[in-house]
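Look at Swiss-Prot and you will find 31-57, 35-59, 39-60, 46-63, 71-85, 77-98, 258-295, 275-309, 286-325, 289-327, 294-331 tagged as disulfide bond. What Swiss-Prot records for 27-101 is domain 'IGFBP N-terminal', and it gives sequence analysis as the kind of evidence. Under the heading domain 'VWFC', Swiss-Prot lists 104-170. Among the features that Swiss-Prot reports, domain 'TSP type-1' is placed at 201-246, with the record citing sequence analysis. Here Swiss-Prot flags 258-332 as domain 'CTCK', drawing on sequence analysis. Residues annotated as N-linked glycosylation site in Swiss-Prot: 274. Residues or ranges marked as signal peptide in Swiss-Prot (evidence: sequence analysis): 1-24.
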């Protein structure tokens, strides 16, 4: 009996060791490497006010889960809305429910709103209190229309008897327009409206940055904002570089259809209008696909770059730096874009 028990123990340990790698590989299977091939060709269409975020694997765009919805590492909660994935006492890597983090109340126009509470200060906006700060989204879903090939001169007008304004296009085609090549891009959504000072009469509005004007080399992108003391709508510009033109060849690695993001192996200096950046940078670039998809910036930041110009002059310009890129099938039908030439001495113009 004792001998039989001694032989059974090693067999049991062997079975446990054999089962353990299976569990590990099962967890890893949830995040395949590489990501290519498992993401939908089209980006997700999320409900108004719901952002698209990268899943827990950093592979695919998914609609951020909202309060009370189920969540998991592959289906993250809307962190920008103050939500987190509550997985219960164990707090493991399984499914959970999106919950609101406890935070401070908000005061707007003499009214007190609890953290997470939603209200409408007017028919045009829906606002939410988020840990002492108020964020608003337009209910009219018009956003701010940037000039484009089909509507180079947009203008917003009021409609009698209706809350929301309406965009119309002025047929002013006598103005000379630039001929930059538009980069492949995903459609941009209008950002939320930041209302942090209840005493101000101006509700700040800012659009997303537009697509870079060039698919390779130095270009620029634009956005519209009224974030200034005069509360006036102005168009801002920033420099951008999706990739160097000498790297305009798709990846030919075996089994690799796309390279989303790649970092420069050596420090480089940016060049703009015969000016060279004072500092060196190791920027990230968007790769290319050989299956017809486009790779464009997904998450970016803006920095101030100082350039040294001829005759000892110096120039500072805002410039986009890429954090991550995404590959998708939402490619433009034409390479013609309507951009006004960029003023080398200014990054802002009134609308």
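Yeah, the Cβs are placed from backbone N, Cα and C, and that goes for glycine too.
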* **Densest Cβ neighbourhood among 39, 77, 275 (disulfide-bonded residues), 10 Å radius** => 77
* Please name which of the disulfide-bonded residues listed here, 31, 71, 258, 325, is nearest in space to residue 274 (N-linked glycosylation site), Cα against Cα. => 325
* Work out the three-state DSSP category of residue 294 (disulfide bond). => strand
* To do: Would you list, in sequence order, the disulfide-bonded residues among 46, 57, 60 whose CA lies within 10 Å of the CA of residue 35 (disulfide bond)?
  => 57, 60
* So for residue 98 (disulfide bond), how many other CB atoms are inside 10 Å of its CB? -> 22
* Residues with Cβ closer than 8 Å to the Cβ of residue 85 (disulfide bond), same chain and 6+ apart in sequence? -> 65, 71, 72, 76, 77, 96, 97, 98, 99
* **Candidate nearest residue 60 (disulfide bond) in space, where candidates are the disulfide-bonded residues 275, 295, 327 and distance is Cα-Cα** => 327
* Reported in the order helix, strand, coil, what are the DSSP residue counts of the domain 'TSP type-1' (201-246)? -> 2 helix, 15 strand, 29 coil
* To do: Using all protein chains in view, find how many other C-beta atoms are within 10 Å of the C-beta of residue 286 (disulfide bond).
  => 27
* Sorry to bug you, but what's the C-alpha spacing from residue 39 (disulfide bond) to residue 294 (disulfide bond), rounded to the closest Å? => 14
* **Proximal residue to residue 289 (disulfide bond) among disulfide-bonded residues 63, 309, 325 (C-alpha distance)** => 325
